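Inspection log for the structure reproduced underneath, given as structure tokens.
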Amino acid sequence: MEQAMRNFFLFLSKNKPMTKLAKKYGLRFGAGRFVAGSSILQAVEVIRELNSQNLVVTIDYLGEFVDNEREANEMALECVEAIRAIGREKLDSQLSLKMTSMGLDISEEVVMKNMRMILEEATKQNVFVTIDMEDYSRCGKTIDIFTRLKSEYDNIGTVIQAYLYRTEKDIDDLNAYSPNLRLVKGAYKESPEVAFPEKKDVDENFKKIIKTHLLNGNYTAIATHDDEMIEYTKRLVEEYKIPRDQFEFQMLFGIRVERQHELVKEGYKMRVYVPYGTDWYGYFMRRLAERPANVAFVLKGVMKK
Ligand code: FDA
């Protein structure tokens, strides 16, 4: 039943008419629990508050699967604005973005132009940029773009998903770049031909890549709400004497907030992924897919209308 709900929400997450409607009508159905607001001004307030609680941030202007150049350019300009706001307001925040919002589905030329503009500003403002990882069909292209940009800019990282079979090899191949990587389980609906269908195999692979990447001496962001993965990492860094400035934990805004504070109290670096913007629908549906129990919040939101 849970798997069926998960598939249902992942299916909904790609619905274009719903995405358009959601943009038009603004944050609804409890999405405000996971999204920091529709404007950069609202996001800045949220980040300031999180920073005051010793939580660092990566901000994400929501948007994905953009299919025209004008929109991709607008998304890129919004990212530049977000970077400027981080600099101006002296926020402790990085930036996350998606290649399909920069024009990946249009042309490589558009993506590279937009990314270079963003990375120039990010370099000026000393802001680190992480390329989120999207569905399998875009994974190879995203890694390719990352490695090309990494040879031009230092302040860039990307994401590797434990559920993919290709991941172990990607971690090995990327080691040549000493990359700062965010490791996650993976949030998209993938076929068993490319991804582990069983949670236990995903978890096993997650542990494996956490260990490999850390022991390779690379900066590692362990992005998970799963206590088993967090405890595994704690034991590993203790055993191998990995310094605390070589890794951090990351969680999504609005999820396991108490646990985020506990990790800060224990002296770990804890980064919160803070999405904002009007294109909240796909992101929200993926969060519901991860935890169908959150649907209760949606139903409460609907009842209030
Ligand atoms: P898992 O789903 O096994 O959950 C473990 C426990 O965490 C649950 O039992 C529950 O207690 C809690 N939990 C998990 N999700 C919850 C939710 N939505 N609401 C409430 N509680 C919840 N994916 C991707 O494909 N590309 C990307 O670029 C990113 N980027 C990214 C950044 C950051 C900072 C995070 C934390 C995650 C991502 N992800 C991602 C998403 C990731 O792939 C994965 O889908 C989610 O993190 C859920 O997996 P967990 O590791 O949390 O474990």
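Quick reminder: no glycine exception, Cβ is built from N, Cα and C everywhere.
Pulled from TrEMBL, these are the features on record:
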DOMAIN    44-298  domain 'Proline dehydrogenase'
BINDING   LYS98, ARG286, ARG287  substrate binding site
BINDING   MET133, GLN161, LYS185, GLY186, ALA187, LYS199, THR224, HIS225  FAD binding site
Binding-site residues listed as MET133, ALA187, least Cβ neighbours within 10 Å: ALA187
Check: same-chain CB within 8 A of substrate site center, minus LYS98, ARG286, ARG287: SER13, GLU64, ALA187, PRO275, GLY282, TYR283, PHE284, MET285
Under 8 Å by Cβ from THR224 (FAD binding site), counting only residues of that chain that are 6 or more apart: VAL184, LYS185, PHE206, ILE230, PHE249, GLN250, MET251
Where the record names LYS98, ARG286, ARG287 as binding substrate, the maximum Cα to Cα distance in Å: 17
Inter-residue C-alpha distance, ARG286 (substrate binding site) and GLY186 (FAD binding site) (nearest angstrom): 10
Candidates LYS98, LYS185, LYS199, HIS225: member of the binding-site residues with the richest Cβ shell (10 Å): LYS98
Close-lying binding-site residues around ligand 1 among GLN161, LYS185, ALA187, THR224, ARG286, where CB distance stays under 6 Å: GLN161, LYS185, ALA187, THR224
Neighbourhood of GLN161 (FAD binding site) by C-beta distance under 8 A, where only residues 6 or more apart in the same chain count: MET133, CYS139, THR167, VAL184, LYS185, GLY186, ALA187, ALA195
Mapped DSSP class for ARG286 (substrate binding site), helix or strand or coil: helix
Nearest-integer angstrom distance between the alpha carbons (Cα) of LYS98 (substrate binding site) and HIS225 (FAD binding site): 21
Local backbone state of GLN161 (FAD binding site), from DSSP in three classes: strand
Rounded distance in angstrom between the Cα atoms of ARG287 (substrate binding site) and HIS225 (FAD binding site): 12
Around the Cβ of GLY186 (FAD binding site), the count of other Cβ atoms that are within 10 Å: 22
Segment-level pLDDT (mean, integer) for the domain 'Proline dehydrogenase' (44-298): 95
